[in-house]
Amino acid sequence: MELSPLQPVNENMLMNKKKNEDGKKRLSIERIYQKKTQLEHILLRPDTYIGSVELVTQQMWVYDEDVGINYREVTFVPGLYKIFDEILVNAADNKQRDPKMSCIRVTIDPENNVISIWNNGKGIPVVEHKVEKIYVPALIFGQLLTSSNYDDDEKKVTGGRNGYGAKLCNIFSTKFTVETASREYKKMFKQTWMDNMGRAGDMELKPFSGEDYTCITFQPDLSKFKMQSLDKDIVALMVRRAYDIAGSTKDVKVFLNGNSLPVKGFRSYVDLYLKDKVDETGNSLKVIHEQVNPRWEVCLTMSERGFQQISFVNSIATSKGGRHVDYVADQIVSKLVDVVKKKNKGGVAVKAHQVKNHMWIFVNALIENPTFDSQTKENMTLQAKSFGSTCQLSEKFIKAAIGCGIVESILNWVKFKAQIQLNKKCSAVKHTKIKGIPKLDDANDAGSRNSTECTLILTEGDSAKTLAVSGLGVVGRDKYGVFPLRGKILNVREASHKQIMENAEINNIIKIVGLQYKKNYEDEDSLKTLRYGKIMIMTDQDQDGSHIKGLLINFIHHNWPSLLRHRFLEEFITPIVKVSKNKQEIAFYSLPEFEEWKSSTPNHKKWKVKYYKGLGTSTSKEAKEYFADMKRHRIQFKYSGPEDDAAISLAFSKKQVDDRKEWLTNFMEDRRQRKLLGLPEDYLYGQSTSYLTYNDFINKELILFSNSDNERSIPSMVDGLKPGQRKVLFTCFKRNDKREVKVAQLAGSVAEMSSYHHGEMSLMMTIINLAQNFVGSNNLNLLQPIGQFGTRLHGGKDSASPRYIFTMLSPLARLLFPPKDDHTLRFLYDDNQRVEPEWYIPIIPMVLINGAEGIGTGWSCKIPNFDVREVVNNIRRLLDGEEPLPMLPSYKNFKGTIEELASNQYVINGEVAILDSTTIEISELPIRTWTQTYKEQVLEPMLNGTEKTPSLITDYREYHTDTTVKFVIKMTEEKLAEAERVGLHKVFKLQSSLTCNSMVLFDHVGCLKKYDTVLDILRDFFELRLKYYGLRKEWLLGMLGAESSKLNNQARFILEKIDGKIVIENKPKKELIKVLIQRGYDSDPVKAWKEAQQKVPDEEENEESDTETSTSDSAAEAGPTFNYLLDMPLWYLTKEKKDELCKQRNEKEQELNTLKQKSPSDLWKEDLAVFIEELEVVEAKEKQDEQVGLPGKAGKAKGKKAQMCADVLPSPRGKRVIPQVTVEMKAEAEKKIRKKIKSENVEGTPAEDGAEPGSLRQRIEKKQKKEPGAKKQTTLPFKPVKKGRKKNPWSDSESDVSSNESNVDVPPRQKEQRSAAAKAKFTVDLDSDEDFSGLDEKDEDEDFLPLDATPPKAKIPPKNTKKALKTQGSSMSVVDLESDVKDSVPASPGVPAADFPAETEQSKPSKKTVGVKKTATKSQSSVSTAGTKKRAAPKGTKSDSALSARVSEKPAPAKAKNSRKRKPSSSDSSDSDFERAISKGATSKKAKGEEQDFPVDLEDTIAPRAKSDRARKPIKYLEESDDDDDLF
């Protein structure tokens, strides 16, 4: 059909045409729908059975003769590879059927296209199949759908599965020959198939009597694979498979073309892959190998090309892996992920698949009836539960895996990824304008071609920025930019990647300056890529300002060290002090320089002095002056060489903890030596200073911050206070309030009176901490808690707002810190204002009473509380020349027990009793286990259970108050019985450990010192306190003598005036004074005596004092002063006043004579007696307040309300469970002791007999001298100790923590003898006895030299002879509470009763632990007796009064931790009190330590903190903290 040119053509017309043309060629239905035999189907669609028959090119592991096994690109036909592999796997399978099989021979002849595989395993049965009527070899090799693997009930670990393998090889071969021999059937079978199994040859059967074997020989039909011959690539693959079989089939020797393959097993096979492979550092890869069990063998090494695996299932090469590989890899990955996360805290998040990418795993497995995703068997799909075996890798394998380089490789990858992320924060392009940075005042030329001339000023806060902006009015804004810092920047050297990424401050600085990570700024051209050519640091001139400078230097040095060589950093300094007179003004940039000027300027008092605490003190006018004189105020940092790099690393690197300790030690020793020699303090920023090396900055300025950190964090041995606490006490003493005052108001007063320069919130928290008296806080609170100051419910964190609570001095405070001692103290000055003393000198060591805790830089302090009366009794023993008794920690009102495990290691036990078979009662928790915390973290999980642990208890009820604890807990009988077997204290976490291996304190000369025992602290305090009682007596004798002389003169003057011997009316003053001198009157004796105490008038009195005393001073300078006589009122002439004056004179003389008769020891004993008497009164009042409203008390607390109150008391029917100190606990404690001794010996410190090296100076000179009998008190180490974990070397909470084992004992300082003739000088005020001035500068060293002490007595180690009474039962004993007391407490021999007044003895508790109920007063062993006697004396050897006296003198047993005093028991009180039976197992045992504070080795020869040099500003404090006072 023709188409018209105009006729449209459509698709239907074309189709019709085609149909007509093909009509004759239409296929029949039969030809379209065909049925093929299976043989025809296999040949027609081979990819279904053997994979592709087309050539493919891909990366494969092959074996080449010249290079061995290697991974390269090969071109091969997968189908051909598969048919070869089927026959090879069949040969290997025969090993599973016949363990005796030992050899496989593979022959590959590429030229003749012949492949042969022979094995000597058990032959195929040469017997006719009775069903199929054909011989078995012909059946399984020549007929499809035949196999021995069809019985799924039989668990096989062979590669054959579907019955196709060998037949497929036959089908795709032009010739296929089977030859097998069976010794069992005594026949040999041989048959050949040709033409793709289309034609079978004749079967040959021969008799046979040799060893079994099977041999398959075939010639692949290359035409089916579109190949001409067996090329190099396919042969290389086949050879590698021969090696695979050699490695994966145990105890089978494989020959290839007649040659034995050099593979001795799977481990040997793995080495073929790793030949010449090295890691990132050039070392050979480390292989971890484990034969887990007969079915699993695993090797692991590091991979640099992503996850790699070489695996075999029943000799099949699973090139794509499968579930068997995942099963093994997941075990390894889970362990490695944990390790990587620990080592990469805060870094880039690492996921499991990223860890897996660094692993190369080799697995050889035998799996029962494996399944695959295809006939090619490259991926094993069987689920792990069906493997028929398990592969649990050993801890040894995992540990080796962690150390084989994989973890390091992952961490390097993490760093690389982190660097990529950091680089995204940087801009490689220099911008003239940048956006998105608040508070930045950019220089106009920043980012331009003049950018190298621009300077970025980094200021400490917004106020400093304002000062800088004011100064820019002088130098202009084109070249100077300003950016304020929000405090201290991050220590990037130890910060995590996450911290750096999220730190806005650091990212802003990088963006402003135009810095790029990993860029080297070596040459000038690289500097031109920056937006600023310099950074100027402008901070306050205090220690915290120095720290900020150091952190910025560290930031640049860590990331771009080359910038430091270009003088990239500089600082802007401002004055600390300015003095002015008339129009003359002098600025000083360090306090030592100011002191030098004062000493060289005779009339310096006429100059006006102004102190600058920070940049905010300067005015805008002064800012302009500073910037106008840029040469004086700009100090460049100069790089002087590798010593600068070392110094910066020393200050900020976590790895140099020990070096930093030695650095601080040397600094303190050097400062002390300079002070002793009278040398001036070393300082920076003199008048000619224009540059500063980094080394000088670190060693002369930054070190002051580190030292001040310790001063603010570690208390003084003398008064147990930190500076902030001392400021509070100083203010309270000065105010002497008779009425309560709000905490918030007191904090303001403290800031004003003691020159406190920081936020008042931390002061308020300090005040609250000083007033707290709940269990676990203070044993003696110096302030009264009037209001809610916190309770044991929340550990004090439940205190009310400081605006709502009141406080005032405790009645005991001034008895502990007698005003008479104030005149002997050395008061400090701040901003020309006299503030708190260097330390107070209490009558007992308060650091033992209230304990101490703090973390500084390099060292930490932890000391528990001790019982007040035990400490007092030990002081009395020392005063009497006796040895003090060992003391156990003790906490006021704690009803549990504390036992010693080992030296300085204790276990603290709560109280638990059994009420019935399903109920227990917890009536006390370990110290500092707060009630609410215990409920939430212990009882709630026990009640509700967790995913891993089922619930243990069925219910609990709470009956506690703010001061007592009572949980009543319900359990099933079975679980209670099991808990009893394990130990109720252990199950319910009612035991905690306490370790005191870090008793580090500042001694009286301001040196850090480590004490080995609490008795060492007590002895040091005793020597110092006794000396100061001598000084007090000397001062009182002088003062009383002067006052007596004054009264005597006044009385004589009045009498002579009355008698008319002296006429003063209408006489000139000079003549009158002359008359008084002639008649023998003394110039004001009191004033003269005070002036005599000062060789030089106090140069540091504040201006108010100067003003007030100017008149009297001028009068004094003119000659004698008789104002004390001439200023007396006229009414002193009356008879009454005259008689009173004479009486006062006589009384004063009597007082003086009485004082002369007393020794310093007598004065001390008097103070102790008065203190104890008042303590009894205070405690009685506290007890009375606690008992208000309790049952059985008088008043309204009866009936229903009384019954409710009874619920809070422990149940009288409970059977107390005695806490057990297990063998494991003691063993652990002893282990720690041995480790400590071992580490000490390793460090070179002798451990025998307490003999130790000499002083610090001797150690420096390497003279290891022994000092027999010296007290063992360790000092700052010069040898490194083991390092501890620390995130930030400058952080209070994490500073330089070392492990317990690294304590190093260093000897005590050699004491310097004081001259006996040196007369003590006292701090006095010329106008009143109530205000005190500082000591004379020249006498300062003399007064605070080491004490002139007699040779120390041989140290008696505390003996652990306080035996626990034996109890029945294994790990937990339950005893009747009544009989516990009656039967278990022996009497102890009496001792003299001289320490306490007899009338107070009756009310003392006879046992240290408030245990369970007692019905009668029994004589009980004291802690002192238990500590020194091996056996108690027989009962009844002493009378009650003697026993009472004995108990008063000696410490009570370890169990009664500061229990409330009990009067002799009566029926009323015993019914209502908590059951008081004493724990049989709770006297002294040796204890296991709690988490480690820094082991610290401190030198007692360290110089005290000099209070001159740069003005100190303490670090910023946390607003809410239990240990807020730790931060001062």
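From the backbone N, Cα and C atoms, a Cβ is placed for every residue, glycine too.
Listed in Swiss-Prot for this protein:
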MOD_RES   SER4  phosphoserine
BINDING   GLU460, ASP540  Mg(2+) 1 binding site
DOMAIN    714-1168  domain 'Topo IIA-type catalytic'
SITE      ARG803  site 'Transition state stabilizer'
REGION    989-998  region 'Interaction with DNA'
COMPBIAS  1098-1107  compositional bias 'Acidic residues'
MOD_RES   SER1105  phosphoserine
COMPBIAS  1108-1118  compositional bias 'Low complexity'
MOD_RES   SER1211  phosphoserine
COMPBIAS  1258-1270  compositional bias 'Basic and acidic residues'
COMPBIAS  1296-1306  compositional bias 'Low complexity'
MOD_RES   SER1298  phosphoserine
COMPBIAS  1326-1345  compositional bias 'Acidic residues'
MOD_RES   SER1373  phosphoserine
MOD_RES   SER1384  phosphoserine
MOD_RES   SER1388  phosphoserine
MOD_RES   SER1465  phosphoserine
MOD_RES   SER1467  phosphoserine
MOD_RES   SER1470  phosphoserine
MOD_RES   SER1472  phosphoserine
COMPBIAS  1506-1519  compositional bias 'Basic and acidic residues'
MOD_RES   SER1521  phosphoserine
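SER1211 (phosphoserine) is 62 Å away from ASP540 (Mg(2+) 1 binding site) when you measure Cα to Cα. Of all Cβ atoms in the protein chains displayed, 24 besides its own lie within 10 Å of the Cβ of GLU460 (Mg(2+) 1 binding site). Most Cβ neighbours within 10 Å, among the recorded positions ASP540, ARG803, SER1211: ASP540 holds that distinction in the structure as shown. For the pair formed by SER1211 (phosphoserine) and ARG803 (site 'Transition state stabilizer'), distance between Cα atoms is given as 40 Å, rounded to the nearest Å. Spacing of GLU460 (Mg(2+) 1 binding site) relative to ARG803 (site 'Transition state stabilizer') is 31 Å (Cα to Cα, whole number). Mapped onto DSSP helix, strand and coil, the region 'Interaction with DNA' (989-998) counts 0 helix, 5 strand, 5 coil. DSSP classifies ARG803 (site 'Transition state stabilizer') as coil under the three-state reduction. Taking the region 'Interaction with DNA' (989-998) as a whole, pLDDT averages 90 in the prediction. A strand conformation is recorded for GLU460 (Mg(2+) 1 binding site) in the three-state DSSP classification.
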